[in-house]
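Working notes, beginning with the structure itself.
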Amino acid sequence: MADIRRVEEGLGNIKGVIEVDERFHRRQEEEEEKSKVVHEENNSCTRELIGKDKEEFTRVDNQQPLMVEIKQKSKRIATLDAFRGLTIVLMILVDDAGSAYERMDHSPWNGCTLADFVMPFFLFIVGVAIALAFKRIPKVGKAVKKIILRTLKLLFWGIILQGGYSHAPDDLSYGVDMKHVRWCGILQRIALVYMVVALIETVVTTKTRPTVLGPGYFSIFSAYRWQWAGGFIAFVIYMVTTYSLYVPDWSFTALIDDHHTERLTVKCGVRGHLGPACNAVGYVDRQVWGINHLYLYPVWIRSKDCTLSSPNVGPLRNDAPNWCRAPFEPEGLLSTISAILSGTIGIHYGHVLLHFKSHRERLKHWVPIGVVLFIVAVILHFTDAIPINKQLYSFSYVCFTAGAAGLVFSGFYILARNRRKLIGMNAMLVFVMAAQGIFAAFVNGWYYETPGNTLVRWIQKHVFNDVWKSDRVGTLLYVMFAEITFWGVVAGILHKLGIYWKL
């Protein structure tokens, strides 16, 4: 993602004023020798950017000593870091503790659980970061090249981590049969949303970005109408395809047990179906990627149609429909087109940061949008018009999660007060090492006598599970302390050393 940590934006009229030290005198004199400073009328302040620190100094009237105004560290930087850190923590929590507490894992179909907020929160963050990173674009060609390169990096890492090549953390082997590689995943979705939203921001905004907004609450919407147009086009493509595409019968090969497979058929022949079996989202992925390249363990296996243990994992019902054993891609092509809307809403929040300097103005734009999106989602869901569904990335799901993201982001903005969530400042590192289990796999590689006898498993069993006499409680505490707290400390140390990993 873009290195937004280096983007400093002021906080209205809250500024600290200190006297200039000798270093600033020397640098100011050098600047004045190179170019004459023209003072504003009525002895107003003249601002000039000095060096890489981007500190501001102001010369007041000739009677007063030279003073320097240093902008307070941007609260929005802290806000975005904190929000990103929360999202990473949520990801680790639901990924590693979701097996013990299925109710925090992804919803089996309709509905929204804690785990279902992670992906749209990431995409919201991507949108905000794009607005900040591309607020100045000296050369469009160079910016486009940078966007494409970063997209390719994300796609590469996504296929390595979630395409089947990495078996971390439990299996120490690596490699994948190319006939069954999974092409889609979390980073792949982030990459495609980032590419579309960033290209629109780069190509269009270079010529149309306003320096001053017109009057009225909706002036910022009209100023960035092309960004909203891109989101609207994605919405139309998704809705038209979802409700008009004919889905025929389809078949797949299911693994019945360790030694037997069976060819099963799912009866469809419908349009506009939003259930697990015959929706257009799954049909598009089967046609584009091939059924052998989809995710093999969809969460619908925990639905009431598939198991009596729902929403927990359990044996399949005797009368379970065939689709319960079928693959499904939760980060597929059509649902990713819908996900562009999450990035579009995020970039709007970033634009508000750029154009409005006071806390009141920013919150006046953020909070109502979050509330309206939340209300729209609830109405659509409970009237059964468009159910909230993460697997389909339905429009109501976009509104519900984007509204929640906007409100949480606003809350962090109010509470952050220049404190940063250190995990959020090294999000990519924590995602790869913790959420994808690469560090745990490295530790598991140093086992004693048998591959199952590792330090990670010993700590989880003897320090947490045995002490609390409960696998569920022990798993939760292990994730909280041995993973989240551990990586928080690691991220803090790296922050002190000035080390950040980004693509």
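Cβ coordinates come from backbone N, Cα and C, glycine included.
These come from TrEMBL:
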- 76-202: domain 'Heparan-alpha-glucosaminide N-acetyltransferase catalytic' (DOMAIN)
- 77-94: transmembrane segment (TRANSMEM)
- 114-135: transmembrane segment (TRANSMEM)
- 147-166: transmembrane segment (TRANSMEM)
- 186-205: transmembrane segment (TRANSMEM)
- 226-246: transmembrane segment (TRANSMEM)
- 333-354: transmembrane segment (TRANSMEM)
- 366-383: transmembrane segment (TRANSMEM)
- 395-415: transmembrane segment (TRANSMEM)
- 427-448: transmembrane segment (TRANSMEM)
- 475-494: transmembrane segment (TRANSMEM)
Non-local residues, at least 6 beyond the ends, that sit with Cβ under 8 Å of the transmembrane segment (226-246): 196-197, 200-201, 204-205, 208, 269-272, 274, 279-281, 283-284, 334-335, 337-338, 340-341, 343-345, 347-348, 351, 392-393, 395
Cβ-Cβ under 8 Å with the transmembrane segment (333-354): same-chain residues at least 6 beyond its ends: 9, 76, 119-120, 123-132, 135, 184, 188-189, 192-194, 196-197, 201, 220-221, 223-224, 227-228, 230-231, 234-235, 237-238, 241-242, 280-281, 284-285, 288-289, 362, 365-366, 369, 373, 391-395, 398, 401-402, 405-406, 409
Non-local residues, at least 6 beyond the ends, that sit with Cβ under 8 Å of the transmembrane segment (475-494): 89, 92-93, 96-97, 99-101, 422-423, 425-426, 429-430, 433-434, 459-460, 463-465, 468, 500
Secondary structure content, the domain 'Heparan-alpha-glucosaminide N-acetyltransferase catalytic' (76-202) (per DSSP, counts of residues): 85 helix, 4 strand, 38 coil
